[in-house]
Amino acid sequence: MKVDVGPDPSLVYRPDVDPELAQSKDNFRNYTAGPLLDRVFTTYKLMHTHQTVDFVSRKHIQYGGFSYKKMTVMEAVNMLDDLVDESDPDVDFPNSFHAFQTAEGIRKAHPDKDWFHLVGLLHDLGKVLALWGEPQWAVVGDTFPVGCRPQASVVFCDSTFQDNPDLQDPRYSTELGMYQPHCGLENVLMSWGHDEYLYQMMKFNKFSLPSEAFYMIRFHSFYPWHTGGDYRQLCSQQDLDMLPWVQEFNKFDLYTKSPELPDVDSLRPYYQGLIDKYCPGILSW
């Protein structure tokens, strides 16, 4: 059964991408401004209203046992094809192709880093949450820390947080909120979505990937940090050291879509080898 998660707002609306870059990549961002933008605004309004410390904490409990499904990584890649991504209305190929395209883009640019190739394949697998009934605003879109005041580069920051109860709570409504200065992003509660779910799932299943890979997975949708330059007051030195890796990954995530579809069947053996090396067998999801 196909599940319609609607447009992925992080792809439909990206105000902080360099205009020249966006202009040269028009075929990746070919959207009509009117009704689609309204829908994206609505998604962010829901997200910024309901993503609270309490909500995120409950999602960690709900999914933290990883008891929803037992499957291999490649089975999860195949499951992506049950998601309808309306943010690409002119593209009628399966979602799994984006995973392979991202991975192949990284492989061409970084041939010596096989773990990085695998990150390209893995990065969106947390979207299986949509198949388990999570609404779009709890699966896709830009992420941000809960438990502190949202910063300026959060999408629609000025017009979507009015009804978020945390901002009426003095514990959570200051710039630092419930955090200590430079506490490190590992100690920050991020809004719930496919990034955070997959990061936690990789830790639970003990993927033997380097720490850079975990950072890329957990923070690739954290645009206010890696592109907007905000939330530096929460960052440790390790976070700042990892930032260029997240930014490097993001180039391939946004702009590797191509009408030349990869020959997935010919690529599977290579990526299955990487899966067997870093995250083999049947995993807990």
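Glycine is treated like the rest: Cβ placed from N, Cα and C.
Some features that TrEMBL has for this protein:
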type	residues	note
BINDING	ARG29, ASP85, GLU86, SER87, LYS127, GLY141, ASP142, HIS220, SER221	substrate binding site
BINDING	HIS98, HIS123, ASP124, ASP253	Fe cation 1 binding site
BINDING	HIS194, HIS220	Fe cation 2 binding site
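Structure coloured by features recorded in TrEMBL.
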residue : record                   : Cβ within 10 Å
HIS98   : Fe cation 1 binding site : 22
HIS123  : Fe cation 1 binding site : 26
ASP124  : Fe cation 1 binding site : 27
LYS127  : substrate binding site   : 26
ASP142  : substrate binding site   : 25
HIS194  : Fe cation 2 binding site : 25
HIS220  : Fe cation 2 binding site : 24
SER221  : substrate binding site   : 27
ASP253  : Fe cation 1 binding site : 22
Remark   = Checking the binding-site residues HIS98, HIS123, ASP124, HIS220, ASP253 against ASP142 (substrate binding site) with a 10 Å Cα-Cα cut-off, in sequence order, leaves HIS220
Query = Taking only the binding-site residues HIS98, ASP124, SER221, which one has a CA atom nearest to the CA atom of HIS194 (Fe cation 2 binding site)?
reply = ASP124
Message = Give me the CA-CA distance between HIS98 (Fe cation 1 binding site) and LYS127 (substrate binding site), in Å, as a whole number.
response = 13
Task = Taking the recorded Fe cation 1 site as HIS98, HIS123, ASP124, ASP253, identify the other residues of that chain whose CB atom sits within 8 Å of the mean position of the site's CB atoms, giving them in sequence order.
result = ALA99, THR102, GLY120, HIS220
Query = Which whole-number value in Å describes the distance between the Cα atoms of ASP124 (Fe cation 1 binding site) and SER221 (substrate binding site)?
reply = 10
HIS220 (Fe cation 2 binding site) and HIS123 (Fe cation 1 binding site), Cα-Cα, nearest whole angstrom = 8
Message = Can you give me the Cα-Cα distance between ASP253 (Fe cation 1 binding site) and SER221 (substrate binding site) in Å, rounded to a whole number?
response = 10
Remark   = Between the C-alpha atoms of HIS220 (Fe cation 2 binding site) and LYS127 (substrate binding site), the distance in angstrom, to the nearest integer, is 13
